[in-house]
Amino acid sequence: MRLPHQMKGGVWKNTEDEILKAAVMKYGKNQWARISSLLVRKSAKQCKARWYEWLDPSIKKTEWSREEEEKLLHLAKLMPTQWRTIAPIVGRTAQQCLEHYEKLLDQAQGKDEGYDARDDPRKLKPGEIDPNPEAKPARPDPVDMDEDEKEMLQEARARLANTRGKKAKRKAREKQIEEAKRIAAMQKRRELRAAGLDSGRKRRVRGIDYANEIPFQKLVPSGLFATGREEEEMEAIPFRAQSLDKLKEKRRDVEEEKLRQKDREKQRRRREQDLPQLVMQVNKMNDPDAVKKFMKMDLPTPQMSDQELEDIAKINTQAMELDDSEDGTAATKALMPNYSATPQRGLTPARTPVARTPTAENRIRMEAENLLAMNSAETPLKGGENVPLHPSDYSGVTPKRMDMRTPNVLATPGGTPAANRDGVMTPRLGGGATPQRTPIRDSMGINEEGATPRRGGGGGTVALRGANYELEEMRSKLSSIPAPKHEYAVEIPESVKTQLQDELDQSNQAVSMKIADATDLELQRRQEEERQREIALSRRSSALKKELPRPKAVNLNPDLAFVYSNKSDPELAKAEEMVQAEVIKMLSFDQHKYPVQGSKQKIPSNFTKDYSEMTEEELLPARQAVLEQLEQESSSLLENLLSQQGEEVYEACSDSYFFAPSQRKYVHAGVSTGGLQVEGIQFEFDVIQDKIAQYTSRAQKIEKKVGVYTKGLVARHTKILEEIAALIAEMEKAKLDLSCFTKLQELETQAIPQRIGELECEVEELRQKESRLQAYYSSLFV
């Protein structure tokens, strides 16, 4: 008699679920073989699936939200049948995603109404085995359990109660379990042998089979192996002795102490050199207003849905119909205003119906219908039209969020410009279209203008309509003024601005009787420093104000600066010398006070001690005199004079000066020796030669680069030329063959009739000869 073989699996019971929870709490989520040893009817794989599909506390078993359904349908469209990949993105298990996906497809097919769930082919029939019992609720425990279940429960209670983890008990228990497995396997082999099924016992060797293998064996290569190269490489490596400090990592406390020492040294130097700046920086860092905390804007959820807004619109429509049905004549109805429209009159009615965003339920149904149509579509090999689908989105892994905005009842009336009662569009007064409070319905013009101030509304009163009319009339008169032909700009000097600001500050200080604290004193000090800095900047030269380029070195020799002075007029030459001397002083002062970046020139003190900066009041008469002189002189004469002087200056400088490399400066030709001139010419020749070499190298690089770019094109051009030459030769050969065969055709055409005649004569002679021979042969038989 054969013993029945026990199959593991089946429906999970409440007892098994509780044992599995307790075992996971003790052994963790990695030792599923040990956990399954507590459950007789379940394997390690089934225990793991039960935990991750049903018992895990992180599994959501609540109702599906709209966002989850949209995400599920969108991911199912992007990754069909990949439920293990979709599940962690949606936040559900794979079985839950599959079941809800099928439910959504059933809803898209219209199976909600008049559909019997008993006809569903996915429902298990009596006698069928559930292929996925791990994702189903547990079966409740019976009142009287089997002996096997009681024994399993007692063993699990005994094992799980051993929380101290005594090693001897655990080893004995594992040994007992191994012995039970060995006896069960031996009994199974005996039964199979008795039934005539002899299965050879395969001994499984874990790791290395020391009886048949050599552990970690490395075969020696055959032949001699030369090691000379390795020895040379080892000898070539230089040996550098290193101290123990270099091998060890740097200590963190030592590095931090060094950085602290650097910070203390910086603070000490700053206290000695720029204490106010340090105090200002510390105050700025300790200022609580400087620390800004940007909070994320969190908008409230919509208070009303689209359906509720439509219901309100229907109620308003019913109210209007009720007003129309009330008793009253046309004369009495004309005396009452119509408040059926929006509070702000004159709004343009919508010409086209507003396109509302479809609700989430409609979008979910549309996506489900798309997936259902795609699954049931025929193969494209048959041809025909594609399956019509609703508009969808493939731009990302998750569906696009369609945020619903809360309707603003105050901002709604200001959508279009206001109009008067006659429908004529008039410009609006006041603020924008969005009112700041609830608009007042005053079609009769009862309320006064000052009683209820309004912003951005249309003309509701007679006074406002009159003001609108005057404003329109003023605009029409101003529009008739001709357009301006010239543009004028008035610029107030900085000194005048500073004086006005000082007077304003003095008046404010006189009015204010508040005692100044440390913050006010600091602010006043900053304002005074800023004012002094602006005054100093306003007194700079025009070149510094306009940020024009300046030479790095100023020529301080006045004798060499006046080579182009006017020699014909002594007074003009003296005036030019005075101007040039002042220019040298100005350049020296600017170089001393505002040095050019990268300049190493040191200006002597005798060039700057006599120079004093001028104010705007002192420069104003000089500017006026220059402008008057310019107005007297003609512009063309002035331009010719300036260009002529510029050419003379350039020619005089280029002919009279040359660069001396030994002295590293430009030297006048009249005060230099012949050796310096030869050295300057040689230097100029070397510079030109270097430029030629530089340009030649650059041209070679460009030529090489062009060659790299055009190498393929040149090769292609050469290949095409060869192909063209071969085609031309082939064409010439074909022409020659054509002429030969044409000539041959002509000769053959002429010779064919002659040949045919000769052949016909031969045939006729053969016939006559054959007839004679036949007659001779017949005469022989007679």
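A Cβ is built for glycine as well, from the same backbone N, Cα and C atoms used for every other residue.
TrEMBL labels come from automatic prediction, so no person has curated them.
In TrEMBL this protein carries:
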| type | residues | note |
| --- | --- | --- |
| COILED | 685-776 | coiled coil |
| COMPBIAS | 109-128 | compositional bias 'Basic and acidic residues' |
| COMPBIAS | 249-274 | compositional bias 'Basic and acidic residues' |
| DOMAIN | 4-55 | domain 'Myb-like' |
| DOMAIN | 8-59 | domain 'HTH myb-type' |
| DOMAIN | 56-105 | domain 'Myb-like' |
| DOMAIN | 60-109 | domain 'HTH myb-type' |
| REGION | 109-149 | region 'Disordered' |
| REGION | 249-275 | region 'Disordered' |
| REGION | 411-461 | region 'Disordered' |
For the domain 'Myb-like' (4-55), the DSSP helix/strand/coil residue counts are 31 helix, 1 strand, 20 coil
Across the domain 'Myb-like' (56-105), DSSP yields 33 helix, 0 strand, 17 coil
Averaging the pLDDT values of the domain 'Myb-like' (56-105) gives 93
Checked against DSSP, the composition of the compositional bias 'Basic and acidic residues' (249-274) is 22 helix, 0 strand, 4 coil
